[in-house]
Structures are given as C-alpha cells and as structure tokens.
Amino acid sequence: MSQERLIQLETDILAKNDRYAAANRAILADREILTLNFVSSPGSGKTTLLCKTIEALGDQPLAVIEGDQQTANDADRIRATGAKAVQVNTGKGCHLDGHMVGHAMEHLKLANNSMLFIENVGNLVCPAGFDLGEDAKVAILSVTEGEDKPLKYPDMFTASRMALLNKVDLAPYCDVDLDLYEENLRRVNPSIEIIRVSARTGEGMDVWLQWLRDRLAQKAKPEAAE
Amino acid sequence: MHEMSLCEGIRTVIEDQARQHAFNGVKCVRVEIGRFSGVEKDALSFAFDVVMRGSVAEGATLEMIDLPGRAMCYDCIHEVEIENRLDPCPDCGGGKLMPVGGDEMRIKDLEVL
C-alpha cells in the first residue's frame, strides 16, 4: 500500500536552464570569448546597431546568434556584414534559453578571444529570467519608446549591465526627455551604465566600441607565471 | 511572463524525482515565488494543470508561498523590504533601490504517494 511522504527539494524551477548556462559560461571563459546578450523590445534597432557595430569593429573575430520567433531575416542581415551568424527560431517560445545557445555555439566554430553577440527575441519580459551563460546583458532602448519604458519593465533593466539609448538623432522630433530616460533607468538599476547612440548617424558609437574592447581585454585570462 | 516554460521546468524536476524516489503520484507541489519574480500566479496555476496532464503529477494541487521583495537602498545603504518594485525606501524615502531578494522561483517540496 502506498504511503504519503514529503520530498524536500528547494530546487530552482529554472535549475535545468541554469545548468546549461553554466556549461556555456565555462566554455566561453576558457576560450576568452566576450559574450553579450542583447535584449530589447521589438523595433528598438538591435539588428541595425549590431550590423554597424560589426562593421566598425573591422577584422575583430566575432559571431552572432540571432533569436526570433520566425524567419532568418536577421541572420541574413548579419551575414551580409561578413560575420558568422546562426539563426535560432524559437517558434512559440518567447525567449532564448541556455540549451538553444549551447547548440548554436557548436554550429558557429567560435574563435578564441573573440566576441559572441546573442540577439535575444525582442521581448522585455521573459528573456530577463533566462541565463544563457553571457558576461552581461545589454539593453537597447530607442528614444521613440518613451521615457517610462524602464519603469514599465523594470526586471529587464535591473538585469542589464549596460543600456544603449539608441536613435538619439530622432530625439528632437519626438518630445523625449533623454535626462529623464536616464533617471528612470537608474531608478530601477542604480548601477547601470548608459551610452547614448545613434546607429544611423554614428553618434556615441566610439564610446560603445571602446566599452566592447575594454570588456574583451578583461576577458583575457591572466598569463601563466613564467 | 513565461509561466508555461516554468511549469515545464517543474514537470522535469518532478519526473527526475519520480525516477529517483519511485513514487506513483503527487498530491501537492509547494513552490516559493518571490515578490519580484514576475510570475503571474493565476497564469502559473492555469499552466500547471495543463502541463502536468499525462505526468505523474496529473491532478496535483499547486501551493504557492509568497516571499517578500528585498532591496538595497543606494541612498541610506539599508536593506529594506518593499511591497512593489518601484516603491521608495521605507527608511529614507530614497528612490534608487536595487533588488537583492524576491526573485525566487523555487520548488520547496513535493507531497507524494
């Protein structure tokens, strides 16, 4: 006869994803690959910003994982810049997870001491909870979205280390208060770094590129003592 | 949010446990949900019933325990408990708070048969 009993667990619901993410992170650390998870709403200009970033980085080895619900359009746009890219279609899913990214990494044949950009599904809710093994999340916001975006979706901006305030060239045409935008970002994440950029005009891109190069340099393991 | 994925995560954990502990049914699944986890409890409850169908936990009840939201105030350097993510610091009224607890999504225990 069966008997009721209690099994104590204290297990994170996302423990399985966290294990995949940890495995990705270990590989990426060992191979000194700077990995950034780009998160935003749809239409913030992520893909254009990535294309311009890749072009400006010149011969820096890098690869891109593109996440979208459907189509390979974004991976095609990235490949047109000459960078390696793989498209992950999430189907009904609203975010990339550690397992998908692990598979994509195998396909990409990543170079040591390179950069890996992961363009997550355009969604400010779900991707915040799913670790992929990245070094940092970079949130992209466009000035047309309104200054209160960080207050409406605080989790994503709390989880991000860097916010790129994109399309600043449009600011004069859309009654946006950029200082208030930054204030709202810092309200939900007092330690977030912010750069104002325009992928279209190139404004602020030099600061962003320097940030990337500095992060890549930090990723290098200390040389073994002679 | 992603309540359906969360329930799939719960199902995976339960199925692993069923193999390890050889049980045939689950009466109750107790989960701890932090105030800032972003989990919609009604949606989780609905998705739970759907996702557990056909598994060893079909028909189990889902019990949700709330955990408080905790944040560090960057103005007075106190760790405080807050009800909502955008509430000001209850000690000094400051508005720059960084969450330090309350994002939990944990399976606490299983009552099994």
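For all residues, glycine too, the Cβ spot is worked out from N, Cα and C.
All annotation found in TrEMBL is predicted automatically rather than curated by experts.
Per TrEMBL, the feature Ni(2+) binding site maps to B:HIS2. Within 10 Å of the C-beta of B:HIS2 (Ni(2+) binding site) we count 26 further C-beta atoms, all protein chains included. DSSP gives B:HIS2 (Ni(2+) binding site) a coil state; it is part of no helix or strand.
The Zn(2+) binding site annotation in TrEMBL covers B:CYS73, B:CYS76, B:CYS89, B:CYS92. In the three-state DSSP classification, B:CYS92 (Zn(2+) binding site) falls within coil.
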What's the number of neighbouring CB atoms sitting within 10 A of the CB on B:CYS76 (Zn(2+) binding site)? 12
Quick note, B:CYS89 (Zn(2+) binding site): same-chain residues at least 6 apart with CB under 8 Å of its CB -> B:ALA71, B:CYS73, B:ASP75, B:CYS76, B:HIS78, B:VAL80, B:ILE82, B:GLY95, B:LEU97
Within 10 Å, the Cβ with the most other Cβ atoms among the binding-site residues B:CYS73, B:CYS92 is that of B:CYS73
Those binding-site residues in B:HIS2, B:CYS73, B:CYS89 passing the chain A Cβ proximity test, under 8 Å, are B:HIS2
